[in-house]
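Contents: one structure, followed by commentary.
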Amino acid sequence: MAMSMAMSKALAARHAIHLQHRLVASSSQAAPRLPLLPRRPSLAVTVASPPRRLLPASPRSSSSESDLSPTPQSERTMTAWDLASLWVGLVVGVPSYYLAGSLVDLGMSALQGVATVAFANLIVLLTLVLTAAPAVTHGLPFPVLARAAFGVRGANVPALIRALVGCGWFGIESWIGGRAIFQLLPSRLKSYQPLLAPVPGLGAAPLEFACFLAFWAAQLDIIMRGMEGIRKLEKFSAPVLIVLTSALLAWAYTSAGGFGRILSLPPRLTGAEFWKVFFPSLTANISFWATVAINIPDFARYARSQADQVLGQAGLPVFMGMFTFAGLAITSATEAIFGHVISDPIELLGRIGGPATTFLAIFGIGLATITTNIAANVVAPANALVSMSPRRFTFAKGALVTALLGIAFQPWRLLSSSESFVYTWLLGYSALMGPIGGVILADHYVVRRTALDVDALYSEDSGSPYYFQSGFNVAAMAAMAAGVAPIVPGFLQKVGVLPSVSKAFVTAYNNAWFVSFFVAGAVYSLLCGWRGVQGKQHSN
């Protein structure tokens, strides 16, 4: 896709000399950056005149290159179409296919499931646009923007939390890719029972686990060879899956003489029962993209303008609604074709056509899974580790740690049922993503009123406005804790640690992202005294 070409050029550029020139210029009274939105003169940021020590702007692929440096205007070439292509590539995948089907399993009708997915992504779109806006204005990635709220050292905390969730998703996507490999194995091997019985304690069959490790190793091999090859593959992944999905949809419709009875089934949930499922399902669907909603600056920093980033991301609810409908329609048709419902697209593809058709279909899923997985779930965790300790980690070492943690998350358990996928995984980590987003947006729009001292974000001087207390903003840490606290009892009850909790905690857990997002944002705003940070910046 065109986005990949623009990203590869931008990420390959050498930024270190550019950044050093910016720091030298700041020592002679640098002019403040223009704010994202108009602000009153009293809120202007005064840049400190003494030279600032450089906070390592890592990760580095060489001693003279930094991917965390501000993106120069000449490299901000991403159009609205590029960003839309990015979202197509991320949306069209097996986990998205599962989403609406999981909601139908929980009792919703097809229409209710698709509507819930689309509405959740409208909410995600709002956070995406607001979080991306300062990145477009200043050309800054997520680890640097987070320093404004959390401090030049405290920013490692949300980056690592985001990284851990990315590791979990890496494991999930790798398990899905491993199942694609499983479908390509000879029938005799796939029917050999000793290899299909789950290993006690592991919870996975030896043959399935071996396929998972094979796909895991294949991804790791590609990562170690460098990201340039991945970016070239990415531009092919979205079109391949769009064509594959369209072909599957056409096949399902013609083979079943329609889309089957599932789409015409009335909802099994009515009244209060529906709302009990709707709110946790809405939260789970928001959580699905909550990780990308936090680190969207890593992509948006290359956008040409605010209009490009807004228009490019506006298609997300449409893409998700269309793709989840396609998943439901295909799943619905399988009942008429095979006599029973096949909700797993990988299993379905393994039963269509001959060996050549199966190979091409599974190859398409494998290709898309690899490119999406590395772009969405490896780059952020690896960057977080290198940013935290550039002397100990390279990008390759960070990617290896990410991959190993992906195994430790035991993704086969997370995907064992709609209940565990929606209520345990998606709802559980939304309680971590919500506070990060709440603090960052409250800091930028409520506390600072969009004022940013870009050069100070790279300074580790104790007098820097983003140094706070030894590099940590205590208010941000306290706000994050306040956002997570109401969710913990409900989570412990869900995983079986606590036998029961009050109804209020259950409700808080079922709405984990909303509760943690707004509680953390409100607490942070109150602790900062609404304008306390601006006052400190102005005095500095």
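Cβ atoms here come from the backbone N, Cα and C positions, even for glycine.
Taken from TrEMBL as is:
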type	residues	note
REGION	52-74	region 'Disordered'
TRANSMEM	78-99	transmembrane segment
TRANSMEM	111-133	transmembrane segment
TRANSMEM	195-216	transmembrane segment
TRANSMEM	236-254	transmembrane segment
TRANSMEM	274-296	transmembrane segment
TRANSMEM	316-338	transmembrane segment
TRANSMEM	358-380	transmembrane segment
TRANSMEM	392-410	transmembrane segment
TRANSMEM	422-442	transmembrane segment
TRANSMEM	472-492	transmembrane segment
TRANSMEM	512-533	transmembrane segment
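Residues 1-3, 6-7, 117, 172-173, 176, 234, 237-238, 241-242, 245, 285, 288, 292, 299-300, 302-304, 307-309, 311-313, 315-316, 319-320, 323-324, 326-327, 343, 345-346, 365, 368-369, 371-372, 375-376, 421 of the same chain, all 6+ positions outside the transmembrane segment (78-99), place their C-beta atoms under 8 angstroms from a C-beta of that stretch. Same-chain residues lying 6+ beyond the ends of the transmembrane segment (392-410) with a Cβ under 8 Å from its Cβ atoms: 59-61, 163-164, 166-168, 170-172, 174, 203-204, 216, 219-220, 223-224, 377-378, 381-386. Within the chain carrying the transmembrane segment (274-296), a Cβ under 8 angstroms from the stretch's Cβ atoms is held by residues 90, 95-96, 99, 103, 106-108, 112, 116-117, 119-121, 123-124, 127-128, 131-132, 135, 141-142, 158, 162, 165-166, 169, 267, 313, 316, 376, 380, 422-423, 426-427, 429-430, 433-434, 436-437, 440, 509-514, all 6 or more beyond its ends.
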